[in-house]
């Protein structure tokens, strides 16, 4: 048991951290704190999903918030009140219109539908090289947005879907966050993860090592879309009301900012980024609201949140380009496997790039 | 790590799995055109297993283009690449490796952010081994090539010659039928070249592989090649035993003359 925990200490520590934060948050008994925590854990699911693809393949994706939206709508279709669906969503298949499915079923749908969409799109997208693939994923985001905003008979178009049961609180959300972390970790250390990380470091050499790079990228793309979609399903069943508007540029930016701030190349970085950015954003939000000192209202102007986040990202990129985690995984101080520690200390990332002459 | 003297015992594979039974790797009438420019034209080359074939030629002679064709990284404009009796047309680079044709790169191209052991494991996993088998095999390979003590270091932190050796170890996983070494001695000192020669000459016996050795360093090529083929301007200029090539007038004029 002890060996098992030491070997898999990164996900164990991350999950333990999440649980501790949840316990503390619930103990405060404060409604706002619990809502903030729930939102943060839902974002954590999405960001970890995003990391499964970006972190292991090295290709930035702007499309995953689209998959989150697809997942959210899938959950809404399954779980919203039949009365509403029959009137407003008359284009849905009859089995969805007439029934109200439980949360578990909704989440399964929110996972499978985005995975299927990602598979179909990914077969085409993964043929593209790095930057071209990133730009194409941006197109995915725009396509999802415009389809869902205009397909009135299934998405209610620009009006909202209402009557979705709100069953997601901090405990449900943290459960899924922990599940996402464990899934992402298992993928990272799997054969597929190893091959994909090799292609991130050097695609040509990976192909020469018998790695079918496109296939590996497709697998990661589908898995990460599934996790992001589950995050969308949670979001729908947390808010109880759904429009396509939130699943666009703003959320794409903030989730990518979380990855950049935390450090894209490690799972611990993805988790750290979600925490760091949430804390900064919440502090700025409080500051925007301001405090009243008698006749004097002290507060930051509206929009400080966005500016603050931009400044934070710029500072990270300048002073710690590999993010807060610096590309490392979280390990218990001193309890790291004996052989790993020296490797970490002799590392000098600044120098390594110049060791070999490039062609 | 067991203290087996280097280059005598083949690393235990842990698996009994031949990637191919083919006895030859051959290019027949190969031409590659880059938007009108002929990089190589009508080149024929034949590499047998257990043989070290030296491939030399001045810069721009088309050596690397030829290697790219032989490993699936470049589609020939004309001609074909045959592995035994099989035409390799349409094969991906990964498929070439899966069929036992391995290569190294001039620039090393290590997975810099991964550990030394992981660099070797990737090939094992790519060839279908499980993680555990790939790890064991990687450690055996590193022991053989003398990098076992650095297994946990990041590949990017290795000294230059160690990076070269790691590239070779990675390519030798599961005993490929053929290994194509692209200028392995570039930037090495005389002593390091000696070590490299010992290592490369051990490959045919230890791994039953044929070695295609592209190299500018004449001492290395002439010292260990069984046969040498000379490219110049995208065409085969001469082919023969090292001693013959060294006396070949056209070769001396085109290439060796510049070294004197």
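Using N, Cα and C of the backbone, Cβ positions are placed for all residues, glycine too.
Note: TrEMBL annotation is automatic and uncurated.
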Per TrEMBL, the range holding transmembrane segment, considering A:78-99, A:100-121, A:188-209: A:100-121
Within-chain partners of the transmembrane segment (A:100-121) [C-beta distance under 8 Å, separation at least 6 from its ends]: 63, 67-68, 70-72, 74-82, 140, 165, 167-168, 218, 221-230, 232-234, 236-237
Winner by Cβ pairs under 8 Å against the transmembrane segment (A:128-148), considering only A:12-29, A:218-242, A:248-281: A:248-281
Distant-in-sequence neighbours of the transmembrane segment (A:218-242), which means Cβ under 8 A and at least six residues beyond its ends: 38-39, 42-43, 45-46, 48-54, 56-57, 61, 64-65, 67-76, 79, 103, 106-107, 109-115, 117-119, 122-123, 125-126, 160-169, 172-173, 176, 180, 183-184, 187, 192, 196
Chain residues outside the transmembrane segment (A:168-187) and at least six past its termini with a C-beta under 8 angstroms from it: 8, 10-11, 14-15, 18-19, 21-22, 25-26, 34, 37-38, 41-42, 44-45, 48-49, 51-52, 56, 103, 193, 220, 223, 227, 230-231, 234, 237-238, 267, 270-271
